[in-house]
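Okay, so here's the structure we're looking at.
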Amino acid sequence: SGSCATKTCWMMLPKFREVGYALKDKYSEAEYVEPVRASRYRRPVFLKIKKSSTYRKPMDTDLVYIMNSPNYCEEDPVSGSVGTRGRLCNRTSPGAAGCDLMCCGRGYNTHQYKKMWQCNCKF
């Protein structure tokens with residue numbers, strides 16, 4: 001009589017939605033960084049987080065950026081953004097298609113449309 005004990009371990013990715021929520025949290029807390037050079041002619045040695053008067057190195061888990069994002073609300077031919085002015089939005093949607101987000105605080109006009117069509121109904 002013999003006994004056998006097998007232990008198998010594996011790594012598993014979290015659910016995609018959990019990853020999305022974690023990235024969204026990181027994005028909302030992302031911090032601006034500046035490169036620090038050892039001398040004028042060298043490449044940057046490391047990045048530092050600039051907050052008012054204090055500087056610190058970012059941690060490995062920090063999400064950082066070196067340039068501000070363009071303003072996607074306004075048209076910008078350089079970045080290729082067409083802006084949101086004049087686009088249709090969904091007044092009841094809380095998401096990206098909703099008027100509150102898409103209109104960037106400029107306000108919006110509501111219109112009611114009546115559409116008639118032949119349904120090819122047979123009685």
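Even glycines carry a Cβ here, placed using N, Cα and C.
Under the heading O-palmitoleoyl serine, Swiss-Prot lists Ser1. The disulfide bond annotation in Swiss-Prot covers Cys89-Cys104 and rests on similarity to another entry. What Swiss-Prot lists as N-linked glycosylation site is Asn90, and the listing cites sequence analysis.
A map of Swiss-Prot features onto the structure.
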residue : record                      : Cβ contacts under 8 Å, 6 or more apart
Cys89   : disulfide bond              : Ala97, Gly98, Cys99, Met102, Cys103, Tyr108
Asn90   : N-linked glycosylation site : Ala97, Gly98, Cys99
Cys104  : disulfide bond              : Cys73, Thr84
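DSSP assigns Cys89 (disulfide bond) to coil in the three-state reduction, outside any helix or strand. DSSP assigns Cys104 (disulfide bond) to coil in the three-state reduction, outside any helix or strand.
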